[in-house]
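> Have a look at this one.
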Amino acid sequence: MQFLRTALLSLLLLLLAAPSLALPSGISRSAPAATVCPEHCDPTRCAPPPTDCEGGRVRDACGCCEVCGALEGAVCGLQEGPCGEGLQCVVPFGVPASATVRRRAQAGLCVCASSEPVCGSDAKTYTNLCQLRAASRRSEKLRQPPVIVLQRGACGQGQEDPNSLRHKYNFIADVVEKIAPAVVHIELYRKLPFSKREVPVASGSGFIVSEDGLIVTNAHVVTNKNRVKVELKNGATYEAKIKDVDEKADIALIKIDHQGKLPVLLLGRSSELRPGEFVVAIGSPFSLQNTVTTGIVSTTQRGGKELGLRNSDMDYIQTDAIINYGNSGGPLVNLDGEVIGINTLKVTAGISFAIPSDKIKKFLTESHDRQAKGKTVTKKKYIGIRMMSLTSSKAKELKDRHRDFPDVISGAYIIEVIPDTPAEAGGLKENDVIISINGQSVVTANDVSDVIKKENTLNMVVRRGNEDIVITVVPEEIDP
């Protein structure tokens, strides 16, 4: 824009100058000679344009023959040739010359139609696109590589245009930028048998809820692991201690010792969540720090009894945001950056669930009370699976998505088998359907949970594809 003002001012001074500063020979200030265009354009009768066209080749005033265009800043609009590629003839006063306007026409200047700077492949910043194109033509004349446009704006790190669409409407990116520093990657280690060597066995995500290092995650992420390591967004790693676990609700609290204050995430009110709201799931799947998925809330009250997730008194948040093993334990947030749930499991494509933030608040309050009073808790039996109750409608939906899904309409559908657990050792696999244990029929996932509490050995019959397989699993006792 500054260049345009300068160019127009130069033209004005040129037109108001003394007679000694006349226009080029043969060009009058007004009443230019009429350009006579042929009735029909015959390109074969056009003179070949010069090979050296610094302003680029353009069509003549009749739109027929190729000619060399005038350079930026050249006089135009009278008897001169047309402006070069990307340039337009700007007349500060009066009207430009045209096929119908000649006598009252005024001279103008060739000005670039694009006024913003651009960065070229030669790492130079050009005032506008036209100057870059001129530089590219000069480079090609010298048999050098052409200069191409790398980006709008100056080379190097520029400032984002506040009026751009991506600045106005990228609200998801704003949320991620706000919450990412408080999201952590969790790595789990276990010692090899008959060896002191430790190996990573699983990973997950979590989020910081206190400035002194308290972190919330899923219970299944940290349960039954010898050592827990936490990595912050800046790459710093810390050993973590497990402070409290509610294996039934699948919530855990761990703690790292960190000097200074840590960024934290605040809990929102999941009771105020509405179906259709945008949500963002963030975590570290496959050990990739802060991978983001987005979606909407499908329903806010998917009952625990319906899902069979071992907590019949809790309603889960269902979302189509992608949740997997890696971002399990990470936060599900609203557009205000408030945590409204913990990413907990994916059933199939487009169907994932999160533990509501109101349940997290209850867990944190009860955990505080337990630690303040020094209460002890009894051990719980654990086999290491995540499951849901299978209904006829859910079975039909899964069969539509997976052709090899077992031909059953009830039972406990295994969503995940956690590595290095009794379930894995016994031979259970994802997508198995438990149909009986110790001779008792299994209709829901709650049936499995009840038997685990009572029995020391589980003789299971599972439907895998079209086969019934007998599997023995021995639960182990763990700290809750």
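Glycine too: its Cβ is placed from the backbone N, Cα and C atoms.
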> What is the disulfide partner of Cys37 among Cys53, Cys62, Cys64, as given in Swiss-Prot?
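Looking through Cys53, Cys62, Cys64, the record in Swiss-Prot gives Cys62 as the partner of Cys37.
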> For Cys112, which disulfide partner does Swiss-Prot record out of Cys83, Cys89, Cys130?
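Looking through Cys83, Cys89, Cys130, the record in Swiss-Prot gives Cys130 as the partner of Cys112.
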> If you follow Swiss-Prot, the disulfide involving Cys65 connects it to which of the following: Cys41, Cys46, Cys89?
Cys46
> According to Swiss-Prot, Cys41 takes part in a disulfide bond; indicate which of Cys64, Cys68 is its partner.
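Out of the candidates Cys64, Cys68, the one Swiss-Prot links to Cys41 is Cys64.
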> Quick one: of Cys68, Cys110, Cys130, which of the disulfide-bonded residues has the smallest count of other CB atoms within 10 A?
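Counting other Cβ atoms within 10 Å of each of the disulfide-bonded residues Cys68, Cys110, Cys130 gives the minimum at Cys68.
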> Does DSSP give His220 (active site, charge relay system) helix, strand or coil?
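Reduced to three states, the DSSP call for His220 (active site, charge relay system) is helix.
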> If you count the other Cβ atoms within 10 Å of each Cβ, which of the disulfide-bonded residues Cys46, Cys64, Cys83, Cys89, Cys119 comes out on top?
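That would be Cys83, with the most Cβ atoms nearby.
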> Looking at the disulfide-bonded residues Cys53, Cys62, which one has the fewest other Cβ atoms within 10 Å of its own Cβ?
Cys62
> Could you state the CA-to-CA distance between Cys41 (disulfide bond) and Cys68 (disulfide bond) to the nearest Å?
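Approximately 18 Å lies between the Cα of Cys41 (disulfide bond) and that of Cys68 (disulfide bond).
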> Here's one to test understanding: among the active-site residues His220, Asp250, Ser328, whose C-alpha is closest in space to the C-alpha of Cys68 (disulfide bond)?
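The smallest Cα gap between Cys68 (disulfide bond) and any of the active-site residues is with Ser328.
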> Given the disulfide-bonded residues Cys53, Cys65, Cys119, state which is nearest to Cys37 (disulfide bond) when distance is taken between Cα atoms.
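Closest recorded candidate to Cys37 (disulfide bond) by Cα: Cys65.
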